[in-house]
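Accompanying notes for the structure given below.
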Amino acid sequence: MESGAYGAPRAGGSFDLRRFLKQPQVVVRAVCLVFALIVFSCIFGEGYSNTHDSQQQYCVFNRNEDACRYGSAIGVLAFLASAFFFVVDIYFPQISNATDRKYLVIGDLLFSALWTFLWFVGFCFLTNQWAATKKNDVHVEADSARAAITFSFFSIFSWCVLAFLAYQRYKAGVDEFIQNYVDPTPDPSTAYASYPGVPADTYQQPPFTQNAESTEGYQPPPVY
């Protein structure tokens, strides 16, 4: 197995912080983490309100609890996933098994693609509910609601970039495997090698063959 596969140097080297921070997926992942933090913080902090004559809180997005739950859920999960893959990026160069690297890159690719779609759905959902919200239901929470919608929109592109970078790393690993692959099919022009421990064919002429051949020919008849 090649240890320097899937967009990372060979295992066993020392950790280089400067080189790590310059990696594109690390930079974009940090951006995704910040965007997710802003979204669920805005919803948790000021996404709920109540009227003066009631202490019961409601979601500022058209009083639709599902809108606040959805935005909070994808924000929290995106934050946790970004932190997890950030740790994976730190230890990724220390992984010497190319198969383990492949599975981690595939997981990053699939999760990033899925969350790109979920952020798109969340942006459309929150925007639709915000447009249907009555002005009387909005007080000081308007800025937080708009911030949640805005950074949900930005998260679509940041997670899309993460998916693209993961695909590039996966493709680089596959191309390197194909390049280093050696076809085990033997050359038909070469003779088959004998098994180890089996002596070579040392055929010897049977005894008495030469004497029998030398006596062949004309022989005088027997004398009675």
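We number each residue from 1, going along the chain as drawn.
Every residue, even glycine, has its Cβ placed from backbone N, Cα and C.
According to Swiss-Prot, the protein has these features:
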- MET1: N-acetylmethionine (MOD_RES)
- SER3: phosphoserine (MOD_RES)
- 20-171: domain 'MARVEL' (DOMAIN)
- 26-46: transmembrane segment (TRANSMEM)
- 73-93: transmembrane segment (TRANSMEM)
- 105-125: transmembrane segment (TRANSMEM)
- 147-167: transmembrane segment (TRANSMEM)
- 196-224: region 'Disordered' (REGION)
- 202-217: compositional bias 'Polar residues' (COMPBIAS)
Intrachain neighbours beyond the transmembrane segment (147-167), with Cβ under 8 angstroms and 6 or more residues off its ends: 24-25, 28-29, 31-32, 35-36, 38-39, 42-43, 47, 71, 78, 105, 108-109, 112-113, 115-116, 119-120, 122-123, 126-127, 130
Cβ contacts under 8 Å made by the transmembrane segment (105-125) with residues that lie 6+ beyond its boundaries: 6-7, 25, 67, 70-71, 74, 77-78, 81, 85, 88, 149, 152-153, 155-156, 159-160, 162-163, 166-167, 169-170, 173
Per-region confidence, the domain 'MARVEL' (20-171) (mean pLDDT, whole number): 90
